[in-house]
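Notes for the one structure printed next.
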Amino acid sequence: MAQTLAAASLVLVPLVTAQQIGSIAENHPELKTYRCGSQAGCVAQSTSVVLDINAHWIHQMGAQTSCTTSSGLDPSLCPDKVTCSQNCVVEGITDYSSFGVQNSGDAITLRQYQVQNGQIKTLRPRVYLLAEDGINYSKLQLLNQEFTFDVDASKLPCGMNGALYLSEMDASGGRSALNPAGATYGTGYCDAQCFNPGPWINGEANTLGAGACCQEMDLWEANSRSTIFSPHPCTTAGLYACTGAECYSICDGYGCTYNPYELGAKDYYGYGLTVDTAKPITVVMQFVTADNTATGTLAEIRRLYVQEGMVIGNSAVAMTEAFCSSSRTFEALGGLQRMGEALGRGMVPVFSIWDDPSLWMHWLDSDGAGPCGSTEGDPAFIQANYPNTAVTFSKVRWGDIDSTYSV
């Protein structure tokens, strides 16, 4: 059963002079997750997901005119963020499957393509984990904890990225007088690339074209041929709206990257290899502190896999400050300690699938980062040859170290 939230469920949110919530109810797909403890075991949680605000229809109040155009905000409706909030209405999404999102119990499948009106449409869905209230994001505090999930990456060819990562978004999605919709409608996204998120930033009109910066922990960026994980610290806490040159100095957009192929383990990850991507994989991420407490300094990030009842250790060393010492930007922006501070404050799980029209995902799976050929990441090639491209995440759980998996 999906969680349905109409405007009535937000009666406590201020609506005066604010971007209105429309008449179409939001129908969040449930995604059962698990909170685990070394003594109590794992307890199921009635969580759900929401698509990013940019997937929602935002239109003029009392009319069918969109508040955005192909080039951004409609200036006649949104000359400034206050006027925009008064003129525009956000509608809920009732059928997530039409956006490439399918759920079943504790599993979620994200699809890159879908045939609509006889044409193949590229979808690239990105969803965020909501708390059990369905109104706020689920913010996980993971210092001296572990985060574990199962993933089927077998339908992700070269050039694709089925990602699961953490973003230091605000729990409410930036809910305010100008943004009553908040997390319920997928507002507030940010990451360490500080990209311009489009017409909306923290749920308000992005009239300045600002970038949305925040700390990011990439737990899993992968396809069937290559995988990485990467922390991305920032000098700021939470979402920061950057402009101009500062967007390139606030966060470490590249991060300290752990890629087994790039580190020399070329027969470690892939079809039929040690970590066999032809089969489902359990991925465990552990965030170990210097004093083994939830208030300590992040000292090490460990990765291990479980497949067919066997624990598979990481291909080389774990990620430590020494491992990341060659990344000058990472160290200058605070390194693991700064990343750990964000993990201590709490971060929101993000699930996505996407291709890379600009770089063809070479940074992930080609040019020394993986075994893929130079043209395999071309989105046109992927669409023509792999129309069923998809990723499935399931059994998402977190808790005490060594409490989320068994063999």
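Cβ from N, Cα, C; glycine included.
What Swiss-Prot lists as signal peptide is 1-18, and the listing cites sequence analysis. Per Swiss-Prot, the feature N-linked glycosylation site maps to ASN136; the stated evidence is sequence analysis. The active site, nucleophile annotation in Swiss-Prot covers GLU216. The annotation active site, proton donor is assigned in Swiss-Prot to GLU221 on the grounds of similarity to another entry.
Sequence features, as recorded in Swiss-Prot, placed on the structure.
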residue: ASN136; record: N-linked glycosylation site; Cβ neighbours (10 Å): 18
residue: GLU216; record: active site, nucleophile; Cβ neighbours (10 Å): 26
residue: GLU221; record: active site, proton donor; Cβ neighbours (10 Å): 23
Can you give me the Cα-Cα distance between the residue listed as 'active site, proton donor' and ASN136 (N-linked glycosylation site) in Å, rounded to a whole number?
25
Three states by DSSP: which one describes GLU221 (active site, proton donor)?
strand
Rounded to the nearest angstrom, how far is the Cα of ASN136 (N-linked glycosylation site) from the Cα of GLU216 (active site, nucleophile)?
19
